[in-house]
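Feature annotations, reproduced from Swiss-Prot:
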| type | residues | note |
| --- | --- | --- |
| BINDING | Gly112, Thr113, His114, Gly115, Lys116, Thr117, Thr118 | ATP binding site |
Amino acid sequence: MKHIVKNIHFVGIGGAGMSGIAEVLLNLGYRVTGSDLGSSATTQRLATLGATIMQGHAPEHVIGANAVVVSTAVRGDNPEVLAARAKRIPIVPRAVMLAELMRLKQGIAIAGTHGKTTTTSLVASVLAEGGLDPTFVIGGRLNSAGANARLGTGDFIVAEADESDASFLNLFPVIEVITNIDADHMDTYGHDFARLKQAFIEFTQRLPFYGIAVLCVDDPNVREILPFVSKPVVRYGFAEDAQVRAVNARAVDGRMEFTVIRQLNGHAEPPLSITLNLPGLHNVQNALAAIAIATELEVPDEAIVKALAEFNGVGRRFQRYGEVPTADGKGHFTLIDDYGHHPVEMAATLAAARGAFPDRRLVLSFQPHRFTRTRDCFEDFVKVLGTVDALLLAEVYAAGEPPIIAADGRALTRALRVANKIEPVFVEQIEDMPQAILDAAQDGDVVITMGAGSIGQVPGQVVALQAQARTANVVDLNGGAAA
């Protein structure tokens, strides 16, 4: 392919799914160009690696490209897409380009409604510790690597498989993980949950006869499709029939300690005593998927244990910003950021926070993501948002969707008040959220910012705002403004 296609252009190169593929292609020696609406740390990193980054979208950006890569977020009337079509330049969906990368190595694809990014990161970390040096493409920044993608020298590529647009059906890996199946992105499946489950069944059919489907049998919907999976299966979870099973799990100082019982290939492996450097039972399940794959690939047990104990996490997945001084300067609160945006994953993250920080007030700053999701999961959002001790609620991050009546931030605020679960503070403009957090936070609080939209910038803004306030206080104490 390389002797034909040398110049590859990405429309929306700064996106999490796009940037990782672009980085791997750069490392493979392709010339990569890309456009995005604004500059970011991601686009700046790609530029330092050799990519040509252009601001905004214009027809001339595709000049010289042999292929144009787009994600489902890119509209068909984008000027670069129209120009590529007019010039007969192939327009390649992101998932198809990922599938091409997977053809170069043996693919490990992580699917599921929740937990894909963390599980992919755990798998990549364990395989790397085991000396397999995998290539990985992740939807979040792997902190230990400082990037969301890397080209390894080993035989495997580990990547997320996206069910949101059914594009995971383009992939043909040798190992698949299904973490769970939940009602999300239902527009793709005609609001028919049976069609969503059927898509996951079809995903397992992409495996070769020697492939393995690694399935979390704690999830009732995954268990339901189990009889229809015709390829070899490894079951994992807390369930008694799991072949890779966690027992005696407990939270200790923000980590999870548990024992893993493994019954694979007809014989018992030695039990593993694991300390996972992540909180929450859901992350124990994610780690079990990584342990199952590592065991199948004969990664030494000591490497598995070491990788999980030293795992440094993923950007925006229970990412800790440390202790931040309160506005009055008389105490501190713990600041955490998380990507959770579906009620199920939000509940798991909040439960993890309760386990990691027992007896502390939990303050949630939440920005709903997409009007359609807010509409479809409205009652579940009310239920999970009502479990925190204090709530700062932002307006919905539209992600390109038009507003939907009674499915916005104000509607959620009213519903929570009617339910008498909590008295939320509605923060209409996300730019005002950092100050709202500082106004609400008390000494000893745990404050979590949560959502898949622009709220990801808020924790850094909180830290910067408080640093400015402290500097101003120092200036005042010294008797005037600094010269």
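A Cβ is built for glycine as well, from the same backbone N, Cα and C atoms used for every other residue.
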Cβ-Cβ neighbours of Thr113 (ATP binding site) (radius 10 Å) | 22
For the ATP site given as Gly112, Thr113, His114, Gly115, Lys116, Thr117, Thr118, which other residues of the same chain have their Cβ within 8 Å of the site's Cβ centre?
-> Ile110, Thr119, Thr179, Asn180, Asn286, Glu345
Where among the binding-site residues Thr117, Thr118 do you find the Cβ with the fewest other Cβ atoms within 10 Å?
-> Thr117
Restricting to the same chain and to sequence separations of six or more, state which residues have a Cβ under 8 Å from that of Gly112 (ATP binding site).
-> Thr119, Glu163, Val177, Ile178, Thr179, Asn180, Ile181, Cys216
Going by C-beta under 8 A and a gap of 6 or more residues, the same-chain neighbours of Lys116 (ATP binding site) are Ile110, Gly139, Glu160, Ala161, Asp162, Thr179
